[in-house]
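Novice: Okay, handing you the structure first.
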Amino acid sequence: MNDYIVVKCGGSMLEQLNDVFFDCIKKLQQQYKVVIVHGGGPEIDAKLKDCNINVEKRDGLRVTPKEVMDVVQMVLCGSTNKKFVMNLQKHNLLAVGCSGCDGKLLQVQPVSEEIGYVGEVSYVETALLKGLINMNYIPVIAPIGIHDNEIYNINADTAAAGIAAALSAKELILITDVDGILHEGKLVKKTDESEIATLIEKGVITGGMIPKVQAALASLKMGVQKISIVNGTKDFTEDTGECIGTTVTRGVSIV
């Protein structure tokens, strides 16, 4: 059991997770060393609204001045992370919640001054993750990082991809509420970068699936070898540890 698997669960999925999801994590843990990265967008937006803080978005990124970053940190590292950890432990999965600033885990470069405290992963200090896993814990990571002793928000997809690349993980699993990419009603089990572009052009990939496949493509560029898009509300793992969904790699042809 030397291979790592990184599981990314978006904030919108956290409330939808059922017993099946946690059973799948148990199956993965029998085969691999598991790291989980989570988002928290809906809970962050709700808390910002409660605080009467208006939020602007540019190119899909939340403009994050200091007052917004304080709320992001409070939600991601506090309530969202701890509720997820408690849910895992309720299902007999030992977990430890961390943020990217713990142990200098996620170091970032600011994206731009215009959008404030938003960073892209520049370095991953994997020692903390490996130490926790060696003690049989699942690290559960809130996607914030550090730069010059300041805390920055990180897109959860790119945080997960950065961690997966740094660990040379066998696979990055993106948890969604759909079975994967569908073509004429049938699941596309394998695809690659060039084919995804074609499927978007043909209108096969539309709506909410587009950002999911874009996250997969970005992960490939960061060095991740294999990304699976799976339905977290269903059984998404075989007993062998293989995923049931759409797998995105380089140079694989389907359809």
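Cβ from N, Cα, C; glycine included.
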Novice: Per Swiss-Prot, which one of R58, R62 shares the substrate site with G40, G41, N153?
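Specialist: Looking at R58, R62, the one Swiss-Prot places in the substrate site next to G40, G41, N153 is R62.
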Novice: In angstrom units, rounded to an integer, how far apart are the Cα atoms of R62 (substrate binding site) and K212 (site 'Transition state stabilizer')?
Specialist: 18
Novice: In the three-state scheme derived from DSSP, which category covers K212 (site 'Transition state stabilizer')?
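Specialist: In three-state terms, K212 (site 'Transition state stabilizer') counts as helix.
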Novice: Let me know the most crowded of the binding-site residues, choosing from G40, G41 and counting other Cβ atoms within 10 Å.
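Specialist: For the binding-site residues G40, G41, the Cβ with the most other Cβ atoms within 10 Å is G40.
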Novice: Using the Cβ center of G40, G41, R62, N153 as the substrate site position, which other residues in that chain lie within 8 Å, going by their Cβ?
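Specialist: Here the non-site neighbours turn out to be G11, G39, I44, D45, V72, V75, L76, A156.
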Novice: What does DSSP call G41 (substrate binding site) in the simple three-state scheme?
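Specialist: DSSP call for G41 (substrate binding site): helix.
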Novice: I need the nearest neighbour of K212 (site 'Transition state stabilizer') among the recorded positions K8, G40, G41, N153, using C-alpha distances.
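Specialist: So, spelling it out, the nearest of the recorded positions is K8.
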